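Annotated features in TrEMBL:
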- 1-23: signal peptide (SIGNAL)
- 29-305: domain 'Ribophorin II N-terminal' (DOMAIN)
- 313-403: domain 'Ribophorin II second' (DOMAIN)
- 428-550: domain 'Ribophorin II third' (DOMAIN)
- 583-683: domain 'Ribophorin II C-terminal' (DOMAIN)
- 596-618: transmembrane segment (TRANSMEM)
- 630-650: transmembrane segment (TRANSMEM)
- 662-682: transmembrane segment (TRANSMEM)
Amino acid sequence: MAKPLVLHLLLLLICGSALLSSGSVIHPISDAHRSAATEFFVPAADGSFGSLEETYEALRTFQILGLDRSSAKFEGTCKTVSEKLSSPTTTKDLYHALKITAILGCRTESIEFDGITSRLQTAVKDASSLLELYYSLGGLLTVKEQGKDVILSDADGTFQAIKALSQSDGRWRYDKDSTGSSAFAAGIALEALASVVSLAGSDIDQSKIAVVRKDITKLFDRIKHYDDGTLYFDEKNVDPDQYKGPLATSASITSGVTAFAAVSSEKLNIGGEKILGLAKFFLSIGIPGTAKDFFYQINSLASLENNRISIPLVLSLPATVLSLTAKDQLKVEVTTVFGSHAPSLAVSLLKVLTPDSKEVTSFEKKELEYDPENRIHFLDLSPLKIDVGKYSLIFKVSVNDPEGADLYATGDQIIVTAFLTGFIKVDKAEIAVSDSDAASESVQKLDLSKESLISLSANHLQKLRLSLQLTTPLGHSFKPHQMVVKFRHESKVEHLFVPETSSRQYKLVLNFLGLVEKFYYLSGRYEIELAVGDAVMENSILRSIGSIELDLPEAPEKAAKPPAQPVDPLSRFGPKEEISHIFRAPEKRPPQGLSLGFMGLTILPLLAFLIGLLRIGVNFKGFPTSAAPATFAILFHGGIGAVLLLYVLFWLKLDLFTTLKALGFLGVFLLFVGHRTLSYLASTSAKQKTA
């Protein structure tokens, strides 16, 4: 069964491999991410998601994506957080508890913010590591954002303490005892420095901020890239236990840089193409595999959605497969990373490149029209005279407002892969059988648009020829990804052949004399099947075109045998035929009259016994007269009668097991009452002999 599946899956494999080779197409955050968030973060009965850190990441993700996070739903979480804030705890838990309180809008009347502020101020002074400073400063900033008056004592000293951990390449150490530096730590440090600037009672020395801006520039000099303009950060030469991976590292730096840019009086010297490259990296991931990575992705994109460096605009195609037959329009959407509407802008299609990077010469630069109702840019493809195929479309996005051009990052040139599909015309399809010297040829035309089948016959001294032409909608010769002709013998043995192309025509010539060994000398009827498939071919072909009766010579003794055909799994593991039980024929029985006569003979002794009792009479002299012995005697005789009745019921209707069960109970009963009765008779007899 495996071989027949090959051709049936052929077209799907062709299309799938072509689409995969085109690379991933980025799209802004959509409802798919919102649905994934509800699957990644499932609250417990009390509304929590595990630890305080996990709860904060879940609620922060819900906040960014606009999902339900009402305080009534998470009332238990607010209560837990309030208790945590009122008890001694680590700065990390204190930071996450304050963040959760702010996100949920929990009631804060019972929270002593003055005491919390004092604890965090002390933690900043006593901090010995970058993470302690990060959580302490982040907690103080969260308290300030809730309307409390918070001023960091010794802001310059704290700023310098964090800056002392920086390295010459823009990375940071986690503490002064660390020998190595980390890009992930750089993002934490930049966010902590931003908190210091926000909490300072007076402006921080601008020279110190200028040094940090240079550190950020050095950090971006280490950024890595893909050929399509996607940019990301990764760790280098760090301890295995400190390695975070490209997503976590890029997320940390993105959050830190955007936070520092928000408090810096001057704009950071970071090109818009780098911000756009980071946005493309986060979006190209799709939906990450873990809740932690999902939080990193969403939180980082939220930092890029509205920042003071450059707001990235994402160009995406609602459909990358366009039908020339249906006259589909090329539609383009330009939005922010969360799908918000972009400012007024112009989208131009600069070039159209073939898979081998050759420019389509018939195409000239076109500016796409704008549909304000649907907020899309579109272009009619029909007048462009572009044929079917896989193309790289090169776009240019320009913001119409000159003042807003610096606020948005659009990129220089944006390359998107698209497939133009169409109906492929099949011409001059024919199949013929000829002699080996081609002196005579029997030709039959093939109409692949109909279900007609041809019937041929040939011997091993003849040849078979199959030829056809494939033409695109613009009249060009079309070369499909795959074209296969299959011969299937009556015994299920299959043979595959690939036609060759020559001068705009596909041709398959089979010389049966040279193929007798390949055909295992199997004469008989062969089904002929044609498969033509391509990712841009709307009318892919997979059908039987007829059969041929082959007369091949007898196989020599040492000729190869046909391969064993795979067993159909359904025949091995599918439902079996219903088993019909055949019972043994009943033994031959005597005539009914003879059986009845024998039964009468067996009853005669019983009748004779009963008649004798009536004639002679019953002697009741030994029957007990006292109440108790008489009762046991009556029960004993009644039990014997019950046994006799049980025999009759067994004969008429009861099965053996039921009868034995009842007989067991009656036997125990008879044993008891019979013993008492016989004991009484024995004692009475002994008294009479003594007297």
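Glycine too: its Cβ is placed from the backbone N, Cα and C atoms.
Keep in mind that what you see is a predicted model, and the values were worked out from it rather than measured.
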Cβ-Cβ under 8 Å with the transmembrane segment (662-682): same-chain residues at least 6 beyond its ends: 622, 624, 626, 629, 632-633, 635-636, 639-640, 642-643, 646, 654
The domain 'Ribophorin II third' (428-550), counted residue by residue under DSSP: helix, strand, coil: 4 helix, 73 strand, 46 coil
Cβ contacts under 8 Å made by the transmembrane segment (630-650) with residues that lie 6+ beyond its boundaries: 623-624, 656, 659, 662-663, 666, 669-670, 673-674, 676-677, 680
DSSP helix/strand/coil residue counts for the domain 'Ribophorin II second' (313-403): 5 helix, 45 strand, 41 coil
Mean predicted confidence [pLDDT] for the domain 'Ribophorin II C-terminal' (583-683): 86
